[in-house]
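Trainee: One structure coming up, written as structure tokens, with questions to follow.
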Amino acid sequence: MDVVSQLQRQFIDYSASLHREGFVDDQFTQLQKLQDENSPDFVVEVASLFFEDCEKLINNMARALEQQQGVDFKQVDASVHQLKGSSSSIGAMRVKNVCINFRSFCEAQNREGCLRCLQQVTHEYSLLKSKLQTLFRMQPSMMAVDCVLLSLVGLGNRSVV
Amino acid sequence: MESCNCIEPQWPADELLMKYQYISDFFIALAYFSIPLELIYFVKKSAVFPYRWVLVQFGAFIVLCGATHLINLWTFTMHSRTVAVVMTTAKVLTAVVSCATALMLVHIIPDLLSVKTREVFLKNKAAELDREMGLIRTQEETGRHVRMLTHEIRSTLDRHTILKTTLVELGRTLALEECALWMPTRTGLELQLSYTLRQQNPVGYTVPIHLPVINQVFSSSRAVKISPNCPVARLRPVVGKCMPGEVVAVRVPLLHLSNFQINDWPELSTKRYALMVLMLPSDSARQWHVHELELVEVVADQVAVALSHAAILEESMRARDLLMEQNVALDLARREAETAIRARNDFLAVMNHEMRTPMHAIIALSSLLQETELTPEQRLMVETILKSSNLLATLINDVLDVSRLEDGSLRLDLGTFNLCAVFREVLDLIKPIASVKKLHVSLNLAPDLPEYAIGDEKRLMQTILNVVGNAVKFSKEGSISITAFVAKSESLRDSRAPEFLPVPSDNQFYLRVQVKDSGAGISPQDIPKLFTKFAQAQSTATRNSGGSGLGLAICKRFVNLMEGHIWIETEGLGKGCTAIFIVKLGIPERLNESKLPLMPKVSSNHGHTSFSGLKVLVMDENGVSRMVTKGLLVHLGCEVTMASSSDECLHVVSHEHKVVLMDVCVPGMDGYEIAVQIHEKFTKRHERPLIVALTGNTDKATKENCMRVGMDGVILKPVSLDKMRSVLSDLLEHRVLFEAI
């Protein structure tokens with residue numbers, strides 16, 4: 001396909017790089033598959049919801065961890081659990097991995113560890129947010145690009161890109 | 001002296017004469033009296049004497065004769081009348097008895113004589129029997145010898161041993177001086193001395209085979225006496241004046257394997273004979289007896305049989321050795337081939353991965369590079385890099401595909417899929433490219449085309465894509481039309497492929513796809529090359545468009561795998577061309593009976609329709625998760641109600657909901673309690689919705705808990721679209737689903 005338009009190629013490459021760098025995994029691809037003429041903005045909607053959720057949860061966790069007189073680890077754990085669920089639903093791999101670590105620190109009631117993880121989570125989340133926003137900006141020929149992506153990925157592992 | 005009436009004057013009694021007479025009479029009487037005594041004595045002794053009566057008679061006769069003679073003693077002198085009377089009585093009696101005896105003897109003597117004759121006869125008979133006994137014994141011995149010889153001969157399957165043993169045993173049995181075997185040479189014109197009994201190393205004498213004596217022997221199956229002076233018998237230098245013993249020769253048939261037909265026992269009209277010559281010891285005056293000759297003949301036959309057995313055995317051993325050698329060689333070749341294949345597969349696997357990874361990096365990074373600020377020269381360079389690497393990537397893929405196809409290890413992944421969807425997808429893929437080139441693409445699907453078909457969806461799409469892609473590639477302007485319809489038998493045949501004999505059947509149909517383009521076309525002589533690997537049409541127009549030349553070869557392989565045929569028709573250069581292929585696809589049975597295997601990868605594509613309107617309740621505390629699950633289900637055509645807490649779930653759930661999907665990843669037991677409460681709410685089984693747990697936990701405890709509270713299934717998160725689809729169908733069919741955790 002050496003005549004594919006620049007934009008489409010860009011999108012493909014960018015998406016591939018997200019995959020490769022571990023920002024998103026297969027689940028994200030699944031979500032993209034769900035996007036069709038009936039729900040053309042499915043991925044965007046889910047992603048926005050995810051961002052909102054994330055920010056809320058991160059704020060909760062920050063407040064809980066800042067408590068000087070005894071951190072309520074149960075609450076933190078609950079939030080982390082939520083975050084883990086959300087990130088795995090959307091396919092945000094890196095965020096999910098940080099959450100897994102976060103949980104073990106919570107169980108160990110390690111405040112320092114938790115704070116570090118929180119920092120990491122925040123960092124990963126913002127990275128992902130910017131990447132996804134870039135991706136969504138490339139969207140105009142989303143439909144056709146989707147199909148290209150679908151064909152490239154769906155036609156099995158013989159595809160390179 | 002008494003007066004007597006005798007005429008002659010009485011002699012004067014001579015005293016001496018009188019005395020002699022007196023004595024003789026006395027002795028006679030004595031003898032006569034003793035004979036019967038002896039007779040009685042001996043007869044009493046012997047058990048068998050048939051003629052007692054005769055004996056008595058005879059005894060009486062003798063006694064009376066004796067009495068007479070005794071009484072005669074008194075008559076020499078003057079005797080009284082009493083004596084005379086007694087004498088007379090005695091004589092009379094004697095006369096009577098002797099006459100009776102005489103008469104009796106007439107009967108008896110012939111009898112006695114005949115006894116004698118019989119005795120002689122019996123003696124002769126006994127002699128004869130003796131002779132015969134001797135003969136039988138000899139024969140029996142001969143038989144024993146033969147058996148022993150045969151046993152010796154047949155106890156070995158080695159040709160030399162057989163022959164040697166024969167000679168040795170014969171020599172021993174018959175006490176021969178010399179025994180020799182002449183075998184025909186390869187040419188068949190001479191007989192060569194092969195084995196002898198006494199001489200250890202036969203010196204390879206040969207005699208021509210057509211000697212009269214040899215012919216005589218060969219023409220009869222009996223042992224024939226021959227002259228000791230004939231060439232075959234002259235084995236030793238004649239020493240001195242010894243008389244050579246008698247010589248006998250017999251033929252030994254040499255049977256060939258080819259003589260043994262199944263229904264056709266070999267007659268001894270085989271041409272090859274060996275000659276066995278046997279010599280009795282010289283100066284022994286022995287003669288060849290009949291039984292000895294018979295022995296020799298029997299042995300000769302046995303030898304023939306034994307030799308043929310040995311020959312057969314040799315043949316079969318040779319054949320077996322040959323087979324073993326061949327087996328070993330084949331085994332080696334097979335192992336080598338396997339090693340080669342394994343090496344190649346390993347190489348391919350490594351190539352597969354190792355080559356793709358850097359390619360991936362190159363392509364991704366160069367495209368990222370493109371986005372940055374670049375000078376025009378730099379941009380040009382980056383574009384070239386990208387183009388070349390894309391090309392290389394395609395080439396790698398194609399090569400790896402082809403080698404897998406070559407391997408024969410490629411098998412179609414059969415499944416049910418939406419045929420129209422495939423075409424639409426191809427169209428969608430191609431449209432952007434075509435629109436850039438300002439080509440118009442149109443798709444015509446025949447109305448009788450089945451909506452669903454059974455086949456390898458991926459490869460079919462690949463084929464269509466390849467063909468359509470080629471059409472787009474090689475057309476600079478104009479339009480491309482894709483037509484698809486069910487091929488009937490007339491349109492199935494292509495005159496150029498007489499070996500393609502499509503046979504439509506009840507649950508299969510032939511799909512015919514025609515892609516017509518208005519491009520540069522192809523010259524007719526290039527058409528056959530199109531489908532061969534790596535060959536490219538030489539015209540410059542095509543050369544510039546790139547392509548590895550593998551695409552159509554791969555398509556051809558796929559089409560062949562689908563029992564179809566692909567070809568290209570063209571009117572000539574500049575007039576565009578039409579690519580046509582026919583493939584065989586299956587017609588699925590009614591979809592809702594989902595008899596199809598549910599494999600996670602191959603989407604048993606029931607399509608949206610089988611779930612349309614299915615009411616599902618999704619309970620998940622996590623908003624994103626909930627939305628994603630809803631999206632999945634909506635995509636599958638379900639009607640989704642959402643609940644974000646257990647209370648809301650219980651509130652909303654009704655008998656209209658067929659399935660409840662609840663997330664049980666929450667800490668605590670909420671999810672399980674809901675299940676219990678749903679069970680309580682819907683007492684009748686058919687009203688109750690199926691409860692399925694969605695969980696990210698992979699431990700057994702979760703699964704057991706779910707089962708305990710009466711859930712109908714457990715699914716592991718994350719759920720892909722295909723998995724959701726297959727899970728729902730499975731669930732609806734079996735009403736239970738427990739994924740292996």
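Glycine too: its Cβ is placed from the backbone N, Cα and C atoms.
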Trainee: What range among B:53-72, B:233-252 does TrEMBL record as transmembrane segment?
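Mentor: From TrEMBL, the annotated transmembrane segment range turns out to be B:53-72.
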Trainee: Tally of helix, strand and coil residues over the domain 'Response regulatory' (B:615-732) according to DSSP?
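Mentor: With helix first, then strand, then coil, the domain 'Response regulatory' (B:615-732) has 53 helix, 25 strand, 40 coil.
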Trainee: Could you tell me which of the recorded positions B:Cys65, B:Asn470, B:Ala471, B:Asp517, B:Leu552, B:Lys717 sit with their CB under 8 A from some CB of chain A, listed in sequence order (or 'none')?
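Mentor: Only B:Lys717 pass the 8 Å Cβ test.
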Trainee: In angstrom units, rounded to an integer, how far apart are the Cα atoms of B:Asp517 (ADP binding site) and B:Asp663 (4-aspartylphosphate)?
Mentor: 53
Trainee: Give me the CA-CA distance between B:Asn470 (ADP binding site) and B:Cys65 (Cu cation binding site), in Å, as a whole number.
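Mentor: Cα of B:Asn470 (ADP binding site) to Cα of B:Cys65 (Cu cation binding site) measures 161 Å after rounding.
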Trainee: Would you mind checking how many other C-beta atoms are within 10 angstroms of the C-beta on B:Cys65 (Cu cation binding site)?
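Mentor: So the number of other Cβ atoms within 10 Å of B:Cys65 (Cu cation binding site) is 21.
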Trainee: Determine, using Cα-Cα distances only, which of these recorded positions is closest to B:Cys65 (Cu cation binding site): B:Ala471, B:Lys473, B:Leu552, B:Asp663, B:Lys717.
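Mentor: Sorting the recorded positions by distance from B:Cys65 (Cu cation binding site), the top entry is B:Leu552.
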Trainee: Between C-alpha atoms, which of these recorded positions comes nearest to B:Lys473 (ADP binding site): B:His69, B:Asp663, B:Lys717?
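Mentor: Nearest candidate: B:Lys717.
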Trainee: Tell me, if you would, which residue among B:His69, B:Lys473, B:Lys717 (recorded positions) has the fewest other CB atoms within 10 Å in the structure shown?
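Mentor: Relative to the other recorded positions in B:His69, B:Lys473, B:Lys717, B:Lys717 has the fewest Cβ atoms within 10 Å.
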Trainee: Cβ distance under 8 Å to B:Ala471 (ADP binding site), same chain, sequence separation 6 or more: which residues?
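Mentor: When sequence neighbours closer than 6 are ignored, B:Ala471 (ADP binding site) has B:Ile480, B:Val515, B:Lys516, B:Asp517, B:Gly519, B:Ala579 within Cβ distance under 8 Å.
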Trainee: Out of B:Val472, B:Leu552, B:Asp663, B:Lys717, which of these recorded positions is nearest B:His69 (Cu cation binding site) by C-alpha distance?
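Mentor: Result for B:His69 (Cu cation binding site): the nearest of the recorded positions is B:Leu552.
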Trainee: Including all protein chains displayed, how many Cβ atoms other than that of B:Val472 (ADP binding site) lie within 10 Å of its Cβ?
Mentor: 22
